[in-house]
Amino acid sequence: MKQLTILGSTGSIGCSTLDVVRHNPDSFRVIALVAGKNVARMAEQCLEFSPRYAVMDDTSSAEQLKIMLQQHGSRTEVLSGQQAACEMAALDEVGHVMAAIVGAAGLLPTLAAIRAGKTILLANKESLVTCGRLFMDEVKRSNARLLPVDSEHNAIFQSLPQSIQHNLGYADLEQNGVTSILLTGSGGPFRETPMCDLAAMTPDQACRHPNWSMGRKISVDSATMMNKGLEYIEARWLFNASARQMEVLIHPQSVIHSMVRYQDGSVLAQLGEPDMRTPIAHTMAWPNRVTSGAQPLDFCKLSALTFSAPDYQRYPCLKLAMEAFEQGQAATTALNAANEITVAAFLAQQIRFTDIAGLNLAVLERMDLQEPASVEDVLQVDAIAREVARKQVIRLSR
């Protein structure tokens with residue numbers, strides 16, 4: 001039986017992870033749950049899965065949780081703060097850590113899991129977007145293992161030869177017969193919206209993803225295709241891919257989750273219903289397979305599968321992310337931080353949808369970027385970029 005810590009248990013990925021556990025009670029045991037401030041959901045999870053530990057972001061939330069659990073006779077020990085989250089990621093009895101805390105808050109707990117030599121089920125994009133080389137070097141040094149949870153990266157992982165799977169981030173794609181990686185994306189809810197109408201799109205419209213059920217921040221990132229840009233950066237690190245070895249395709253149906261092109265003309269693809277439980281279950285059970293709870297793909301009900309190249313005028317955030325990778329880790333860190341602020345401002349109706357890309361670019365142009373040599377350096381770049389972004393939002397929304 002595999003013992004799990006789930007970082008970000010009350011979020012979308014965390015809840016889907018627990019659903020896979022629910023379908024496979026004899027295969028997985030939840031040792032620790034870590035979350036932000038959603039006390040009610042954490043209480044439900046603790047009462048159902050009886051983890052040894054539960055960690056909340058702050059003492060107030062932890063106290064509320066403690067009272068709720070005591071009322072139900074739960075023996076789960078309640079802790080709070082980032083240090084406690086890092087300790088849960090490095091517990092001796094835990095072998096697998098689901099890293100699903102969104103944003104920069106997930107960096108240190110994920111790094112703690114890596115340094116403890118765990119198998120990390122990586123759903124936190126920011127880990128590689130902001131700390132790609134630092135994290136990949138630490139994975140090798142600590143003999144940890146990264147398994148990608150993102151549906152696209154998981155699809156690529158499944159389509160790669162074992163020689164690359166077992167040397168992720170360092171294997172030479174060309175020497176293993178790989179020509180290129182094809183990263184697919186739906187194009188989001190505004191794929192066919194006239195360009196002149198994009199400025200008027202509302203947060204609720206942006207969050208109506210045509211295929212996937214996701215949180216509001218990542219739904220907006222899908223609408224701008226910043227999500228695909230961050231995935232591009234992540235894929236470059238995970239698969240040791242050069243720019244010429246990466247292709248990005250719009251695939252509106254979200255049936256083919258990504259592909260790998262080989263030197264002999266073969267293309268291997270991973271297909272499935274758009275359900276995050278599939279890649280989650282794959283990483284949890286790898287190299288074996290377990291039931292995910294997802295519906296099987298019915299080929300007889302499929303419509304045509306279509307593909308097109310991305311329009312960078314429609315999706316400037318995608319191009320911005322690709323260019324940031326070439327500038328270095330400081331640029332990708334600053335872009336990610338700025339985007340979190342601008343998306344939050346859009347969701348709060350402080351700026352227009354079309355302002356997101358322009359503000360992100362403005363932050364990059366206003367920063368003197370020095371390459372980070374440590375996680376502390378990364379966090380400093382992150383903090384500065386957020387402050388610059390906040391000032392840009394205030395200036396624009398006056």
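All positions are counted from 1 along the displayed chain.
Cβ atoms here come from the backbone N, Cα and C positions, even for glycine.
Annotated NADPH-binding residues in Swiss-Prot are THR10, GLY11, SER12, ILE13, GLY36, LYS37, ASN38, ASN124, GLU126, and among GLY215, GLY229, GLY265, GLY272 the one listed with them is GLY215. The annotation in Swiss-Prot ties ASP150, GLU152 to Mn(2+), and of the candidates under consideration, GLU63, GLU77, GLU231, the one tied to the same site is GLU231. Counting only residues at least six positions away in the same chain, the Cβ atoms of ALA35, GLY36, ASN38, ARG41, MET42, GLN45 sit under 8 Å from the Cβ of THR10 (NADPH binding site). Candidate binding-site residues: SER12, GLU126, ASN227. Fewest other C-beta atoms within 10 angstroms, SER12. GLU231 (1-deoxy-D-xylulose 5-phosphate binding site) is surrounded by 29 other CB atoms, counting those within 10 A of its CB over all protein chains shown. Straight-line distance linking the Cα atoms of GLU126 (NADPH binding site) and ASP150 (Mn(2+) binding site), rounded to a whole number, equals 12 Å.
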